[in-house]
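Features reported for this protein in TrEMBL:
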TRANSMEM  B:20-41  transmembrane segment
TRANSMEM  B:357-385  transmembrane segment
TRANSMEM  B:423-445  transmembrane segment
TRANSMEM  B:457-479  transmembrane segment
TRANSMEM  B:499-532  transmembrane segment
TRANSMEM  B:544-565  transmembrane segment
TRANSMEM  B:599-621  transmembrane segment
Amino acid sequence: MAAAMPLALLVLLLLGRKGWCLAEPPRDSLREELVITPLPSGDVAATFQFRTRWDSELQREGVSHYRLFPKALGQLISKYSLRELHLSFTQGFWRTRYWGPPFLQAPSGAELWVWFQDTVTDVDKSWKELSNVLSGIFCASLNFIDSTNTDNETLEVNPPPTTTYQDVILGTRKIYAIYDLFDTAMINNSRNLNIQLKWKRPPENEAPPVPFLHAQRYVSGYGLQKGELSTLLYNTHPYRAFPVLLLDTVPWYLRLYVHTLTITSKGKENKPSYIHYQPAQDRLQPHLLEMLIQLPANSVTKVSIQFERALLKWTEYTPDPNHGFYVSPSVLSALVPSVVAAKPVDWEESPLFNSLFPVSDGSNYFVRLYTEPLLVNLPTPDFSMPYNVICLTCTVVAVCYGSFYNLLTRTFHIEEPRTGGLAKRLANLIRRARGVPPL
Amino acid sequence: MGLLSDPVRRRALARLVLRLNAPLCVLSYVAGIAWFLALVFPPLTQRTYMSENAMGSTMVEEQFAGGDRARAFARDFAAHRKKSGALPVAWLERTMRSVGLEVYTQSFSRKLPFPDETHERYMVSGTNVYGILRAPRAASTESLVLTVPCGSDSTNSQAVGLLLALAAHFRGQIYWAKDIIFLVTEHDLLGTEAWLEAYHDVNVTGMQSSPLQGRAGAIQAAVALELSSDVVTSLDVAVEGLNGQLPNLDLLNLFQTFCQKGGLLCTLQGKLQPQDWTSLDGPLQGLQTLLLMVLRQASGRPHGSHGLFLRYRVEALTLRGINSFRQYKYDLVAVGKALEGMFRKLNHLLERLHQSFFLYLLPALSRFVSIGLYMPAAGFLLLVLGLKYALELWMQLHEAEVGLEEPGGAPGPSVPLPPSQGVGLASLVAPLLISQAMGLALYVLPVLGQHVATQHFPVAEAEAVVLTLLAIYAAGLALPHNTHRVVSTQAPDRGWMALKLVALIYLALQLGCIALTNFSLGFLLATTMVPAAALAKPHGPRTLYAALLVLTSPAATLLGSLFLWRELQEAPLSLAEGWQLFLAALAQGVLEHHTYGALLFPLLSLGLYPCWLLFWNVLFWK
């Protein structure tokens, strides 16, 4: 079965200030992990994680010898003084509603997220160079990520802590078989290692637990003038309400009408406790809308805002303009209540496996969700021969029509020379008396 | 230009136009009709061709072999449907889930404005079931739809069977880059409308429905399927949608390509394709198909559930399996393969279908007439109204003014005489207002007053609506006897001339706009209304004019179209049948306006009927 699986590449740099000495064995290590999860839809999710860990300070030491850590990245990190670099490429979409929360969350498409060292003075310049270099390395058009589609969040919930808890979630007990493939004894003892995974489809009535928070986003309305962006936020927790931070970045060519922003839960208006809105500037920066919304227990909250589709300049249309324009996913960050009987495990040992169980500080765990990206059609001129012909014909018709209309509706009269005013008559009388031709 | 700006030459030209007016009008009208008839001959019809690159160059291999499975699904579905007496929602959900789709349901309800006697429904409530096949290669930004509308009768079971078998087959393939939505709707088009409105989160027709739980991005194309037997002799394709909208021609080309590839027999308007276009037979057969298409498009009703998708800019068509007594029969595998091929090609699309024609007429499946070639036909007919007659009346009015001025001798300071002009325009206000009010009454009263009518007369609601409609329509004919008392007639000829001038301009404008959006309707109305409108005047053989005017009124055109329609389908109507069909069509027209937003009824009642009344008024001007 084909698994719709995001392929995420995550490079974590842990820059500690540990003492080092040359006598020690190599300081870098590689860990691999694979978790195979049968999904209720009949698909199988295979999640791989490759972790290269290297305790080194690339900026200071001028490292020239690389063992496991990719040199291309290492040089990049030291050259641009990066503190953290997150880069993800995703194909497909992870369906949280049916498959539960994924191990590694990433939006569809590419996402680049960088923290520079304090020593970097011109961040814009570094960003531009870095994205260009990265797009070269990964053969992706990352260099198109510029100010028109990036944003700086103002409110950020802290990343998860480093201990995990595990076990019975919502009454369903999970049993896992764990093999340590690095254990040479196991591989040597069995002549060929075949791992067979048999999975029995659960009966219809035994649906897997639905995650407490999931979301859906769509464009409503029809026609090419207006539209509406709607986001549905589901809180399926039976009795607990929790706040969610919703971050929307909308490209400038969808002109948002902020007065139409409505948030309703259970048929009533829901007032967000925090709103940050930064309007778009044409061709410079996108709309940024950030809201902290309280989701009542067991409810669907609908966030909708109307927009008008802008007419672009004809050089601004991308190739294949009739495909439509993408709107990036909205990002949901929340501390979701957990119903977990807890048992702490060392997170460092096998992070992927342990993140099967929500990370928790007791009663909540941190979740970041991405909704699906949207495809919006803008009014698109016909970039073809007939279009040019129509333009030309219309011009000719307009010119001809104007003059014909003029001629047809205007009446022409021959102006008789008028006899003039009193002064002129008097003057003519005098002239006649003088025998001079009149005026 | 100099010709028109020089007053002397201009007057000469005007005289010429006035003298040659009648022959020019006749010539223009004949040219319009002749042009239309000539559309079926090869220089004007062209071969269809695929414009979209993404669908053209690559060929796909169809592997669908689930004929038995489809038949088994169909049998189960029919059995469950018979048992429950409605759409077996639970069974559909279970089956769709078992083939690996994400399944959702949507319930809807709608109270029709009055009982629909053709489909026997009034308070409608039902449930749509749809399953989404998630494409592994994309993030649910685009989707395709395969839909089967299920009515109250037990047809279309085979279509549901084929839909499920195709879903099971598609689920095993890895190449999908667009989500595919498999939709089964209840109460045929009502269900489709409810689903479409909920999908786009709009409410156009006052439908009550539950919100959709699952979506799959922007719908790129849709195919509706109607099959009621295990074997078919041919596949008929319907393109005409709501308000005469048509899908992109490339979608039709795609269907035709796969029919040819699989050796399937396909028909258009139930007619086989003529093979020989060089002799007269081919074009004559093409003319029959063309006329059928014009009549269908002019009716503005969706001919299949695909017609409702077109409003949302989703290219769609309906495929109907026909089982008649012909030699070659095809089973569900052949139909399934054609559908698989179409969906795989649509899956290749990079952009929305936009390359080929959106406005066309089809004399055969492989031949089309583009908008640039058929528009002159309507243009010639409108020329009769616009240029010649309006021009003639305008000039006559103008000449009359000049004639009035000339005996006075003194070249006055201002050209038109203000008093006479003022009276002329004021006299127009009453007939215009009254006829427009009549139109408004025709639009509003039948549905509004149905309960009053059922209380006082022994009729059902639907009958009441139709009879009120006819009564108001006929009452409009008595209008001139009411208005001419209101109208003070100072200048005898100027009054009706001014009224006719206004009516002609009004008619020309309306027909022009209609012909641009729905050519068939515009052309049909122009063919019938133009001659009578041009001839109407209060002198001469009035009875003859009146008869002609009544025969070409919008309602009479509808009746005539029904007879022509059945004649072309080779199932002629008797007079009584025709009348029954006419009454049913009136009720359907009103219903479709309220349920789907079809515009024919308001267009006729608020636009063309008042305009036609003005001509009636001109005819009986005193």
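Backbone N, Cα and C atoms are what each Cβ position is placed from, and that goes for glycine too.
Of the two recorded stretches, the transmembrane segment (B:599-621) does not lie close to the transmembrane segment (B:357-385), with fewer than three CB pairs under 8 Å once pairs fewer than 6 apart in sequence are set aside. Here the transmembrane segment (B:499-532) has long-range neighbours at 29, 32-33, 36, 243-244, 293-298, 300, 359, 361, 371, 374-375, 377-378, 381-382, 384-386, 389-390, 393-394, 397, 427-428, 431-432, 545, 548-549, 551-552, 554, 556-557, 560-561, 600, 603, 607-608, 611-612, 614-615, 617-618, 621, meaning same-chain residues at least 6 beyond its ends whose C-beta is under 8 angstroms from one of its own. Among the stretches B:20-41, B:357-385, B:544-565, the one making the largest number of Cβ pairs under 8 Å with the transmembrane segment (B:457-479) is B:544-565. Taking residue pairs at least 6 apart in sequence, the transmembrane segment (B:20-41) and the transmembrane segment (B:357-385) share three or more C-beta contacts under 8 angstroms.
Taking Cβ pairs closer than 8 Å, the transmembrane segment (B:544-565) reaches residues 291-292, 295, 298-299, 470, 473, 477, 524-525, 528-529, 531-532, 535-537, 572-573, 578, 581-582, 585-586, 604, 608-609, 612, 615-616, 619-620 in its own chain, all 6 or more past its ends.
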